[in-house]
Amino acid sequence: MAESLHRAFICGHPVAHSRSPVIHNFWLKQHGIEGSYERRDIAPEAFSLFIREFPRFYMGGNVTIPHKESAWRLVETRDEAAETIGAVNTLWLQDGRIMGGNTDTYGFAANLDMELAGWEKNAVATVLGAGGAALAVVHALQSRGIRDIRIVNRTVSRARAVVDRFKGGTSAHAWEAVPDLLSDTSLLVNTTSLGMHGGPEGHIDLAPLPDSAIVTDIVYVPLRTPLLASAAARGLRTVDGLGMLLHQAVPGFERWFGVRPEVTPHLREIVVADLEAGK
């Protein structure tokens, strides 16, 4: 176990694009911790072995696509968010056991808290998409007391599956319902790849949204997605997706290294610069 001191990882397949090492290694340096956070490209067929073996070399780590659901099945104990969402993105060791958690729900809410405090008051939320990211967002919204959450997906059965998982306060809708849903939406959340570099193109008419509405996108490449650009042009308040990435990293770092780091403008600048350099 001595080899594992002050080492953490992010594993995925592929994983070279991950900005998590930029975030965690910045915090390690900032807090004077002699440690490392590194990328591990683990193919799906090797993931089970990696989970069994990582405690020999690491204190814990993060899990990204395509391993989040597999990690959920393999860990010994899960936190409430991971249990509900059905996916694990953070691993740590406790009393010799491998623990799993999901910090995406925390990251989503913390990002909005920092940018637009009070966002959850009297909110009516419309969530675009019904994948894993949508599950984390809906969990965050429900945990903040929002009881009118509309899940919209091109395949309505997937939206219904989200509703079945969360029960009360959620409803499933077809994509064609978006114009009607927006008329009383106070928080619009995009969890799809719409507007992402390399993702599908598309346009959502935001004219029906109330002037007081907030529009947020979990996509952060590009930072200003077409959806956010349209919202800003209408004078609506917007929140980009980079903050979710930054904030979701906080709980894991604290568990592994014993210090709760802060998300600061300086950290954001560093990650934005890294994103720009990687274009």
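Cβ from N, Cα, C; glycine included.
What Swiss-Prot says about this protein:
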type: BINDING; residues: S18, R19, S20, T64, N89, D104, Y220; note: shikimate binding site
type: ACT_SITE; residues: K68; note: active site, proton acceptor
type: BINDING; residues: E80, G129, A130, G131, G132, A133, N153, R154, T155, V156, S157, R158, I218, G241; note: NADP(+) binding site
(message) To see if you understand the setup: which same-chain residues, six or more apart in sequence, place their Cβ under 8 Å from that of T155 (NADP(+) binding site)?
(response) A130
(request) With a 10 Å radius around each C-beta, find which of these binding-site residues (A130, I218) has the fewest other C-beta atoms nearby. (result) A130
(message) Measuring Cα to Cα, how far is S157 (NADP(+) binding site) from S18 (shikimate binding site) in Å?
(response) 31
(request) Work out the three-state DSSP category of N153 (NADP(+) binding site). (result) strand
(message) Among residues S18, R19, S20, T64, N89, D104, Y220 annotated as binding shikimate, what is the maximum Cα-Cα distance? Answer in Å.
(response) 18
(message) Cα-Cα, whole number of Å: G132 (NADP(+) binding site) versus K68 (active site, proton acceptor)?
(response) 9
